[in-house]
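Below: one structure, written as structure tokens.
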Amino acid sequence: MIRLALFGSGVSSSLSPAIYRGFAAKRGLRLEYRVYEAGPGGLAPALRMAGELHGFNVTKPLKREALSLASTLDSHARAIGAVNTMVAGEEGWEGFNTDWKGFLDSLKLYTASPPDTALVIGAGGAGRAAAYALATWGAGRVLIASRTGLTARRAAQDLAGLGAEVEPVPPGGLEDAAAASDVVVNATPLGWDGVSTPVERGFREGCIAVDMVYRPLATPFLRRAAASGCTPVDGLWMLAIQAAENIAVWLGLEASPVELRTYALEAMRGGRG
């Protein structure tokens, strides 16, 4: 039995279990993927409660916290300063970041060229991964916004030197930053409730708006962006692509993001997680 898990806040609504169970069932694999609620400082206790695992994912707010549990880090996790995937190794947990790849490849479904200016809203692990992906892809300027500005400034400092100008958005400057950006990314939890959005207005016509929130698919953020003439990219593509990357890390197998997305959509239609 291959035992996998997801740790984080609000994980009961995650579609990850449906994705991995669907993949395993199609291939006749004996695999379980369970979710464990864990808040700040709660990863290590939750891991002990879960028992022996082959690997696991972490989501908000644990992606930075998970760094301290890794015996080794891949180059992306080290540069981003966040982990979302772990696999058991000979000397302990090996940490990976597959979020950046999930984000970047989902964006590349809609554009072949890096943006001149991109705005990432949210400076946690997911936001850092998006900013890293944009900077290393060749974006000219990457703006990072956070609620207080403190984590945005820290992320901008940590991600400097990747080939792009990485700058924090000053307090009160979010709408101006959105208006100046070719790509706008929501890397916050705002939208899970189907009501909230980090940006009410200010989208530049013709921009690409990427939401890491995938439930609902048409989030308030994406609806407002579409109404302003922007191309919306739902968060389910990122989830499916990074899941394919995780399967390669954990099992050494190839997986189609299109197939994995189908399992998630089936679960959404059936009201399952």
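Cβ atoms are placed via backbone N, Cα and C, with glycine included.
Over in Swiss-Prot, the protein carries these features:
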ACT_SITE  Lys63  active site, proton acceptor
BINDING   Ser14, Leu15, Ser16, Thr59, Asn84, Asp99, Tyr214  shikimate binding site
BINDING   Gly122, Ala123, Gly124, Gly125, Ala126, Met212, Gly235  NADP(+) binding site
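Annotated features, which come from Swiss-Prot, shown on the structure.
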| residue | record | DSSP (3 states) |
| --- | --- | --- |
| Ser14 | shikimate binding site | coil |
| Thr59 | shikimate binding site | coil |
| Asp99 | shikimate binding site | helix |
| Gly124 | NADP(+) binding site | coil |
| Met212 | NADP(+) binding site | coil |
| Gly235 | NADP(+) binding site | helix |
Tell me which of the binding-site residues Ser16, Gly122, Gly124, Met212 ends up closest to the residue listed as 'active site, proton acceptor' in space, Cα to Cα. Gly124
Counting other C-beta atoms within 10 angstroms, the emptiest spot among the binding-site residues Gly124, Gly125 is Gly124
Would you mind pulling the longest C-alpha to C-alpha span across Ser14, Leu15, Ser16, Thr59, Asn84, Asp99, Tyr214, which the record has binding shikimate, in angstrom? 17
Given Asp99 (shikimate binding site) and Gly124 (NADP(+) binding site), what distance in Å do their CA atoms have, once rounded to a whole number? 12
In whole Å, note down how far the CA of Gly124 (NADP(+) binding site) lies from the CA of Asn84 (shikimate binding site). 12
From binding-site residues Gly124, Ala126, Gly235, the one whose Cα lies nearest Leu15 (shikimate binding site): Gly235
Could you check what DSSP calls Asn84 (shikimate binding site) once collapsed to helix, strand or coil? coil
Looking only at C-alpha atoms, tell me how far Gly124 (NADP(+) binding site) is from Tyr214 (shikimate binding site), rounded to the nearest Å. 17
Between Ala126 (NADP(+) binding site) and Ser16 (shikimate binding site), the C-alpha gap once rounded to whole angstrom: 16
How long is the line from the C-alpha of Thr59 (shikimate binding site) to the C-alpha of Met212 (NADP(+) binding site), rounded to the nearest angstrom? 12
